[in-house]
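TrEMBL annotations:
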| type | residues | note |
| --- | --- | --- |
| TRANSMEM | A:6-27 | transmembrane segment |
| TRANSMEM | A:39-58 | transmembrane segment |
| TRANSMEM | A:64-87 | transmembrane segment |
| TRANSMEM | A:99-120 | transmembrane segment |
| TRANSMEM | A:140-163 | transmembrane segment |
| TRANSMEM | A:196-217 | transmembrane segment |
| TRANSMEM | A:229-253 | transmembrane segment |
| TRANSMEM | A:265-281 | transmembrane segment |
Amino acid sequence: MILELLANAISTGVLLGCIYAALALGLAVSFGLLHIPNIAHPVFVVTGAFAATVFNAMGFDPLLVSLPLALVFYGAGIAFFEFYSRIYEKRGESDTMQALTLFFGVSLVIETVLVMQFGADQRSTDVDYVGQSLTLGPVVMPYRLLIPALVAPVMVTALWLYLKYTYAGIAIRAVAHDERALSVSGIDPGWIKRHAFGIAAATAAISGAALVIVGPIDPFAGRMQIGRAFAVVILAGMGSIPGTLAAGILIGVTEALVGAFGSPSWAPAVAFTMLLATLAFKPSGLFGAAR
Amino acid sequence: MSLRENAMDWAVRRTGRTPRATRSLVFALGCLAVLALGVVLTRMVDNPYVFFAGYVVIQYVALATGWNVLGGYAGYINFGPTAFYGVGVYMAAFLVKAMGAPLPVAIAAAGVAGALLGLAMGWMTLRVQGVYFAIATIALVVMAETVIHNIDYLGGASGLALMPPQAPAWAGGQPQFMLMVMLAIAVAFVALARWIEISAMGRGLRALKASEIAAECAGVPTFRLKLIACAVSGAMLAIAGAPYVYYASFIEPGTAFSLALSLNAIAMPLIGGKRSWVGPVIGALLLATVQQAASVTISSELNILVVGVVLILFVAVAPDGIVGIVEKLTRRRGA
Amino acid sequence: MSGPILEVRGVEQRFGPFRALGPVDLVLHRGERLGIIGPNGSGKTTLINCISGTLRPQEGRVLFDGVDVTDVPPHRRARMGLSRSFQIPKPFTGMTVLENLLVPIDQISPSADAEDRAIAVLESVGLQRRAAHEAGDLSQLELRKLELARALVVEPKVLVADEAMAGLSEGEIDDVLAILTRLSGTGIAVIMIEHIMHAVMRFSTRIVCFETGRTIADAAPDVIAADPLVQKVYFGEQTRH
C-alpha cells in the first residue's frame with residue numbers, strides 16, 4: 001500500500017517535473033545563457049496556453065497547433081528583445097536589475113490583457129485522451145500528464161542538439177561565454193542574442209500547450225510558476241540545458257512526495273525552499289560551471 | 001575669498017542649496033505641520049469614507065517609502081513587498097488573538113519580524129548576484145502565503161475575524177485614530193528615509209548601486225550595508241502592515257498578500273522617482289489618490305493595466321521618475 | 001615600521017585550464033614608484049585584483065604592511081590604506097563629484113571637515129569647478145581625475161593606478177603624471193600599470209615587466225629599456241602605437 005503510494009507519487013512527480021522543465025526551458029536560454037532575467041517568461045507560457053485553447057476550440061490539437069504558434073512567438077520574442085535592448089543594453093551592465101522592473105510591468109500588462117480578453121475564469125482544452133490513463137502494474141499515469149510530459153525530453157534534446165551542433169547554436173553558447181570573442185569572429189552578437197531570445201519565447205508556445213493539457217489554467221497561472229521556473233534554472237546550473245530536465249524532475253518528485261506523505265498545501269513551498277537552498281549553499285547549481 | 005570657499009560657494013550657487021542644517025529644520029517643521037494637519041482634519045471631517053480612503057493612501061506612502069530604502073537607494077528590487085507586509089499583518093493578528101495586544105506592541109513585533117525576514121533573505125541571496133535576490137523575493141510571497149494557509153490558528157486560507165483593542169477616547173473614533181496612526185508611521189518613515197539618504201549609509205548604498213566593486217574598493221562594506229538595508233526596508237514594510245488588523249478587524253491571505261499592493265509599492269517609487277525620499281511620496285500620493293477616486297468608475301483590471309503601462313513608460317523613458325523629469329526641466333531653465 | 005609596504009608571495013590564478021597569473025612574487029617598498037608593464041592579457045589586472053582583494057588568488061599570499069591580507073575583503077584592505085583606481089573608470093553615477101569623494105571618507109576617515117578635505121583634493125586634481133556636478137556628466141579626462149581623486153582622498157599608504165592615462169592626450173598625461181608625482185612626494189607608494197611607455201619610464205623608480213602571467217624582468221627603467229627580452233615581448237608590439 002505504502003509502496004504503491006510511493007510509486008505513484010514518484011511517477012506523478014517525474015511527469016510534473018518534466019512539465020516544469022518545459023516551462024523553464026526558455027528561461028534556461030534567456031536567463032541561463034543570455035543573463036536576461038526574464039521574469040515575464042511564465043506569462044509568455046500562459047499566453048501560449050491561452051492561444052492553444054483558442055485553436056483547440058476550433059478543433060485543432062493543442063500540441064500540434066503549438067508548433068506554428070512557436071514561430072509567431074519566435075517573432076514576438078525578437079521584437080520584444082529589440083525593445084528591451086534599445087532601453088537597457090545601451091545603458092550598461094549595472095542596469096540588469098532595473099530591467100527586472102520592465103519585465104515585471106510587461107508581465108502585468110500581458111496578464112491583464114488576458115483577463116480582459118478571456119475573463120478571469122479557468123480555461124481548458126478538449127482532447128480525446130483526457131480522462132484515460134496508462135496503467136503499468138500499480139502505477140497509474142493519466143494521459144493528460146503523460147503526453148505533455150513527453151514534450152519536455154523532446155524539447156530539451158532538440159535544443160541541446162541545436163546548441164551543440166549547429167553554427168547558430170554554437171554562436172549562442174559563445175555569446176553566453178564571452179560576447180567580445182564572438183564579435184572578433186565576425187558574427188553579429190546582437191543578432192545571435194535576438195535569435196536566442198526568440199527561441200526562448202518559442203518554447204513558451206509549446207510548453208504553454210503542454211501546461212493547459214495537464215489542467216485548466218487562468219490568466220494568473222504564471223505567477224505560481226515564476227518561482228518554480230527560476231528554481232529549475234538555478235538548481236540545474238545556469239545555462240545547463242539537460243540539467244533543466246533533471247532539476248525539473250527533482251522538484252516535481254519532491255513536490256509529489258510532500259503532497260503524498262505530508263500535505264498538498266505545503267507543495268508550493270518546495271520549489272522556493274530548493275531555490276533558496278541552492279542560492280545559499282551551491283549557487284553554481286547541480287550541473288553548472290563554477291562562476 | 002580663497003579658492004576653496006570659492007568652490008564651495010560655486011557649488012552652493014549651482015545647486016541653489018541652503019546649508020544642510022537649515023534644510024533639516026525646514027523638513028522637521030514640515031513633518032510637524034503634516035501631523036498637525038492630520039489631527040485637525042480628523043476633527044473637522046465627518047465623512048468616514050475619507051478616513052478609510054485616506055488610510056489606504058497614507059499606507060501606500062509608508063509602503064513606497066519603505067520599499068525605496070532598498071529598491072531605490074541600493075537598487076535591489078524587492079518583488080515581494082507584500083510578503084513583508086503580510087508578515088506584519090499576521091504578526092499583529094497573532095498578538096491580538098493571543099493576548100489582545102495593544103497597537104504599539106504589534107507594531108514593534110511586526111518590525112522585528114520584518115527585519116529578521118529581510119536579514120534571512122539577504123543573507124541567503126545577496127552574496128551571489130543582485131538578480132537572485134529579486135527572483136527570490138518573487139517566490140517569497142508564494143512561500144509566505146503557503147505558510148499562512150497551513151496555520152489553522154491564524155485562520156488558514158479562509159481568514160480570521162478579530163476583536164482588536166478599541167481606539168482611545170480622545171481620538172474621536174476608530175477610523176480617525178487609525179488614520180492618525182498611519183500618518184504618524186508614514187511621517188516617521190519619510191524622516192527615516194531622508195536621514196538614511198543624507199547619511200554615510202545612504203551614500204554607501206548609492207555608491208554600491210553605481211558600482212559594487214568600486215564601492216567595495218573605496219572602503220564600503222557592501223555586503224553588510226545591503227543586509228542592513230534589507231533589514232530596515234523589511235521592518236518598514238512589515239510595520240506598515242501591523243495597523244491593518246486594527247483597521248479592518250478581519251484579515252485573510254488574499255488581502256494581506258494582495259498583488260495590487262505589491263504592484264503599487266513597486267510602481268509608486270519608480271513613477272515618483274527612486275533616488276530621493278520625495279519620489280515615493282509623490283508617486284504614492286498621486287497613484288493612490290487617483291486609484292481611490294477612480295475605483296468606482298474603472299474595473300480593477302483596467303486599473304492594473306494602466307499602472308502597468310505607466311510603469312513600463314517610466315522605466316523605459318524616465319528612469320528617474322517624476323522627480324527626475326522636474327529636475328531636468330528646472331536645470332535646463334536654470335542653465 | 002620598516003620592511004616592504006606590500007608583498008606578493010607565489011600568487012597564482014587560473015581561469016579553467018588557462019593560467020592567467022603566476023606564480024608571481026612582488027615587493028613594493030615604502031614611498032616607491034613601481035611601474036608594471038606588459039602586453040594585454042599578461043596578467044597585470046589580475047594581479048591588481050588579487051592585491052586589492054576583488055579576486056582571491058588560488059595560491060599564494062598577499063601581505064600588506066606586514067599583515068597577511070589574503071583573506072581580507074577589499075573594503076577592509078581599503079581601510080588599511082590600500083587604494084586603487086580602475087582601468088575603466090567606475091564613477092558613482094547618480095551622485096555629485098563631491099559626494100563621490102565623501103564615500104571613501106565616510107568609511108575610512110570620517111571627520112567634521114570631510115567636505116573641505118574633499119574639495120581640497122578636487123582642487124589638487126583640478127576638478128573643483130565640477131564639485132556639484134553629477135559624476136555621470138564628466139568627460140573622459142575628468143572621469144580619470146575623479147578616479148584618482150577618489151582613490152587618494154583618504155591618504156592611502158599605497159595607490160594602485162590601473163592605466164590612469166589610457167586615452168588621454170599628451171598634455172593631459174602630463175597633468176596626471178604631475179598629480180601622481182606630487183602624491184609620491186608625500187610618501188605614498190604608487191604602483192602604476194601603464195601602456196604609455198614614456199610616462200612609465202619617466203615616473204617609475206623601478207619597473208616590472210609581465211608576460212603570460214609571469215614577471216620576466218624587474219629592474220630600473222633604463223635597464224628595462226635595454227633588456228632584450230622586454231624589447232622582444234613588449235616594445236616589439238608597441239611600435240605599432
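Using the three backbone atoms N, Cα and C, a Cβ is placed for every residue, glycine included.
It should be emphasised that the depicted structure is a prediction, and the values quoted were computed from it without experimental measurement.
Residues 38, 41-42, 44-45, 138-141, 145-146, 148-153, 155-156, 159, 199-204, 206-207, 210-211, 214, 225, 228-230, 232-233, 236, 241, 244-245, 247-257, 259-261 of the same chain sit 6 or more residues outside the transmembrane segment (A:6-27) yet have a Cβ under 8 Å from a Cβ within it.
When Cβ-Cβ distances below 8 Å are used as the criterion, the transmembrane segment (A:64-87) is approached by residues 36, 44, 48, 51-52, 55-56, 99, 102, 106, 190, 193-195, 197-206, 208-210 of the same chain, each at least six residues removed from its ends. Under 8 Å from some Cβ of the transmembrane segment (A:229-253) lie the Cβ atoms of residues 9-10, 12-25, 27-28, 31-33, 39, 41-42, 152-153, 156, 159-160, 163, 173, 176, 270-272, 274-275, 278-279, 283-289, 291, all in the same chain and six or more residues away from its ends. Residues 8, 11-12, 14-16, 18-19, 21-22, 25, 29, 63, 127, 129-134, 169-170, 172-173, 199, 203, 206-207, 209-211, 213-215, 241-242, 244-245, 248 of the same chain lie 6 or more positions beyond the ends of the transmembrane segment (A:140-163) yet place their CB under 8 Å from a CB of it.
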